[in-house]
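Peer 1: I have a structure here, written as structure tokens, and I will follow up with some questions on it.
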Amino acid sequence: MTSILILNGPNLNLLGTRQPEVYGTTTLLDIEHRCKAIAIELGVAMSFQQDNSEGALVDHIHAARGTHDGIILNAGAYTHTSVALMDAISSVELPVIELHLSNIHAREEFRHKSFIAPVALGVICGFGAAGYGHALRAMTEHLRAAA
């Protein structure tokens with residue numbers, strides 16, 4: 001069965017209470033439950049992880065090789081700073097979709113630069129919590145087309 005890792009970075013554990021005007025009021029647990037339902041609908045296995053540590057995120061990406069067929073990554077602020085995440089993605093040779101709740105291109109200038117996008121299959125941003133479902137469907141379609 002196709003397996004997809006959904007990996008969430010720093011501060012996403014605070015969804016629902018952190019800057020709801022930017023990120024909405026949906027919690028990460030709510031998003032995980034929605035993703036599980038969508039994964040069942042699509043007939044794929046899904047693992048959902050969150051960590052605030054850059055090194056732990058790198059470890060999750062490394063561990064995905066041989067375990068998962070693709071990664072959906074909401075790296076949060078590390079998107080704009082982490083060469084380590086970019087290198088980890090390049091090293092595992094798995095398709096990755098970069099995901100953001102907000103439209104990073106409509107926000108502060110420093111958020112316009114992504115170290116993830118150059119090594120990602122694609123980027124989904126600005127759709128709030130619904131972006132996770134869009135990413136799951138897009139990754140599933142990509143993996144099935146590549147099989």
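Using the three backbone atoms N, Cα and C, a Cβ is placed for every residue, glycine included.
In TrEMBL, annotation is done automatically, which means it is predicted and not curated.
What TrEMBL shows for this protein is this:
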- TYR23: active site, proton acceptor (ACT_SITE)
- HIS100: active site, proton donor (ACT_SITE)
- ASN74, HIS80, ASP87, LEU101, SER102, ARG111: substrate binding site (BINDING)
- ARG18: site 'Transition state stabilizer' (SITE)
- 115-135: transmembrane segment (TRANSMEM)
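What's the neighbourhood like for these features in this structure?
Peer 2: HIS100 (active site, proton donor): 24 other CB atoms within 10 A of its CB, across all protein chains.
Following the DSSP three-state reduction, the secondary structure of SER102 (substrate binding site) is coil.
According to its DSSP assignment, ARG18 (site 'Transition state stabilizer') is coil. Sequence-distant contacts of ARG18 (site 'Transition state stabilizer'), defined by Cβ-Cβ distance under 8 angstroms and a gap of at least six in the same chain, are ASN11.
Note on the transmembrane segment (115-135): residues 6, 23-24, 26, 30-31, 34-35, 38, 70, 72-73, 75, 79-83, 85-86, 89-90, 95-106, 142 of its chain, located 6 or more positions outside it, place their CB under 8 angstroms from a CB of the stretch.
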